[in-house]
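Positions annotated as compositional bias 'Basic and acidic residues' by TrEMBL: 281-290. The compositional bias 'Low complexity' annotation in TrEMBL covers 291-304. Look at TrEMBL and you will find 281-316 tagged as region 'Disordered'. If you look up TrEMBL, you'll see 20-52, 59-76, 88-108, 196-218, 224-245, 257-276 marked as transmembrane segment.
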Amino acid sequence: MPFACADKSWLNRRLVRGRITIDAVLVFIVLASLASGVLSLAGAATFSFALLSRLIDKMVSFSAGVLLGTALLHLLPESLETHVDPHIITRWLLGGLLGFFLLEKLALLRHSHHHEGDGHHHEHGHDAHEAGKGGWMILVGSAIHNFADGVVIAAAFLTDVRLGVAATVSITVHEVAHKLGDFMVLLNAGFARKKALVFTLASSSTALLGGILGYFMLDQLQDVIPYLLALAASSFIYIAVSDLMPQMQRRTSLKDALPQIMLIAVGLALVVWLNAHDHDHDHEHEHEKASGPALAQAAGPGAHDAGDGAGFAKQK
């Protein structure tokens, strides 16, 4: 059954439940879209190369916990709570996982083909040229990825404010580490530090574009929001399982394993806390809805009129 929201009642219910107006949602989308870029640039401009390496290493484990928790405890359950058939949602989840695998495989095959036979003779100038081309490819790929992150953030906030917060935390945690890594790659590719910062900021700005377009395309996005959430969940799961966890497996000593497990647990705990906070608000809202008519009936017919007048005065 397709997800339908022509009268915006579902969206309005979500916004009322989050106690926030639609204009404020746009503000949150803008701030959330800028968060990872601002934080990563602040870190890149402040910290040394060696400190950035250690920081990224620690953030990998934390990111894995946050991404898996958000995908399985927030995004996927939210997409399954809509009017779309759960079987269709799980097919989109599976399709997203396979799709991301194929996209990554194509990129790796292209990279392998491009460098095939290049391992024997290299002029220094040729190496620098290839490194510079690699830097530009990193920036283009990052810009596309950030645009998609902005759309995901918009879809999450338009579903529920707290879901938007959870998605923003997940994307920010991962993207800060990712952008810092890109920044280090650009430095290795021959970019000056200032130039690398400027171009990293430019590629990050596409997240803002994606978030704003996602917001203003609300009428078109209403029917596809559950599918976007399922794809976002598949993206988070794929990144955690195929990218972050293999990096963690390279460190086999107990001294490295314990901090990794602790940081994964901290990431999951953060998501669980957000999820519990969400449910607390939901139960409070349902209690208010259930107790309202009972209180009005107990107070008598006059109380209803008085309540209406008080509500009107409060609105004014």
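Note that Cβ sites are derived from N, Cα and C of the backbone, with glycine treated the same way.
Same-chain neighbours of the transmembrane segment (88-108): 76, 79-80, 141, 226-227, 230-231, 233-235, 237-238, 242, counting only residues six or more beyond its ends whose CB sits under 8 Å from a CB of the stretch.
Through the fold, the transmembrane segment (257-276) approaches residues 58, 61-70, 73-74, 162, 165-166, 169-170, 173, 248, 251 of its own chain, all at least 6 residues removed from its boundaries and within a Cβ separation under 8 Å. Counted over residue pairs separated by six or more positions, the transmembrane segment (20-52) shares fewer than 3 Cβ pairs under 8 angstroms with the transmembrane segment (224-245), which leaves the two as not touching. For the transmembrane segment (59-76), the residues of the chain that approach it from at least six positions outside its boundaries are 89, 93, 156, 163, 166-167, 169-170, 173-174, 176-177, 229-230, 232-234, 236-237, 239-241, 244-245, 247-248, 259-272, 274-275, 278, judged by C-beta separation under 8 angstroms.
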